[in-house]
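First the structure, in the form of structure tokens, and then the observations on it.
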Amino acid sequence: MKIRTGFGYDVHQLQEGYDFWLGGIKLDHTKGAVGHSDADVLIHVICDALLGAANMRDIGFHFSDKDPKYKGIDSKILLKEVMKLIREKGWEISNIDSTICLQQPKVNPHIPEMKTCLAEVMGIPEEDISIKATTTEKLGFVGREDGVSAYATVLIIK
Ligand SMILES: Nc1ccn([C@@H]2O[C@H](COP(=O)(O)O)[C@@H](O)[C@H]2O)c(=O)n1
Ligand SMILES: C[C@@]1(CO)OP(=O)(O)OP(=O)(O)OC[C@H]1O
């Protein structure tokens, strides 16, 4: 049996007038995340951690932010595609752990819905997905509410 770990980190700006997609669901907030896609930072770090664990480059390598095909795309579609890529190489997910860095809004009340959504997209049990959140105590770009960042680690097996 082979076991590999992977790690992902990503940042998106927060601006008024944009939808705020996070963990596959739309949050009700005064600002939203800016990107070429729907800018779902949690999904992006999960994609990067999975691709990194399988040694298959990163999200921007597979889905270029210069390609009009991905303009405004639902990141759940990208995550499904990443799952296909790693499963084609024989990998299955053991577990995912993640942290969202966001000053506001509170994400804790939305974590169960995010887990249900992501588990369905990835075809894995909810219990294998951990999502956590932290503010940065009003420090830095997250603290100023200029952006949202996230980290994820994964374990994959074959
Ligand atoms: N956007 C966020 C940030 C944090 N949480 C939860 O609040 C707890 C306290 O935050 P600290 O930054 O003071 O550590 C944190 O542990 C999370 O449970 C949240 O829900 N949404
Ligand atoms: C997802 C992609 C592709 O639409 O665009 P963004 O939403 O800008 O996200 P980012 O994490 O900066 O890079 C990956 C991109 O290729």
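Glycine is treated like the rest: Cβ placed from N, Cα and C.
As written in TrEMBL, here are the features:
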type	residues	note
DOMAIN	3-156	domain '2-C-methyl-D-erythritol 2,4-cyclodiphosphate synthase'
BINDING	D10, H12, H44	divalent metal cation binding site
BINDING	10-12, 36-37, 58-60, 63-67, 134-137, F141, R144	4-CDP-2-C-methyl-D-erythritol 2-phosphate binding site
SITE	H36	site 'Transition state stabilizer'
SITE	T135	site 'Transition state stabilizer'
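Everything TrEMBL records as a feature, shown here on the structure.
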residue : record                                                 : Cβ within 10 Å
D10     : divalent metal cation binding site                     : 23
H12     : divalent metal cation binding site                     : 23
H36     : 4-CDP-2-C-methyl-D-erythritol 2-phosphate binding site : 16
H44     : divalent metal cation binding site                     : 28
I59     : 4-CDP-2-C-methyl-D-erythritol 2-phosphate binding site : 26
S64     : 4-CDP-2-C-methyl-D-erythritol 2-phosphate binding site : 12
D67     : 4-CDP-2-C-methyl-D-erythritol 2-phosphate binding site : 10
T135    : site 'Transition state stabilizer'                     : 14
T136    : 4-CDP-2-C-methyl-D-erythritol 2-phosphate binding site : 14
R144    : 4-CDP-2-C-methyl-D-erythritol 2-phosphate binding site : 12
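Cα spacing between T136 (4-CDP-2-C-methyl-D-erythritol 2-phosphate binding site) and D10 (divalent metal cation binding site): 15 Å, rounded to the nearest whole number. Comparing T135 (site 'Transition state stabilizer') with R144 (4-CDP-2-C-methyl-D-erythritol 2-phosphate binding site), their Cα atoms are 10 Å apart once rounded. In sequence order, V11, A33, G35, A39, D40, V41, L42, V45, V148, S149, A150 are the same-chain residues whose CB sits within 8 A of the CB centroid of D10, H12, H44, the residues recorded for divalent metal cation being left out.
Among the recorded positions D10, H44, D67, T135, T136, the residues whose Cβ sits under 6 Å from any atom of ligand 1 are T135. Mapped onto three states, the DSSP output places D67 (4-CDP-2-C-methyl-D-erythritol 2-phosphate binding site) in coil. Between the CA atoms of R144 (4-CDP-2-C-methyl-D-erythritol 2-phosphate binding site) and H12 (divalent metal cation binding site) there is a gap of 13 Å.
Checking the binding-site residues D10, H12, I59, D67, T136, R144 for a CB within less than 6 Å of any atom of ligand 2 leaves D10, I59, listed in sequence order. Counting only the Cα atoms, the space from H44 (divalent metal cation binding site) to I59 (4-CDP-2-C-methyl-D-erythritol 2-phosphate binding site) is about 7 angstrom. Cα separation, S64 (4-CDP-2-C-methyl-D-erythritol 2-phosphate binding site) to D10 (divalent metal cation binding site), rounded: 15 Å. Annotation note: H44 (divalent metal cation binding site) sits in a helical segment as assigned by DSSP. The DSSP secondary structure for D10 (divalent metal cation binding site) is strand.
For H12 (divalent metal cation binding site), the nearest neighbour among the binding-site residues H36, I59, D67, judged by Cα separation, is H36. Taken residue by residue with DSSP, R144 (4-CDP-2-C-methyl-D-erythritol 2-phosphate binding site) is part of neither helix nor strand, so it is coil.
Under DSSP, I59 (4-CDP-2-C-methyl-D-erythritol 2-phosphate binding site) is assigned to a helix (H, G or I) in the three-state scheme.
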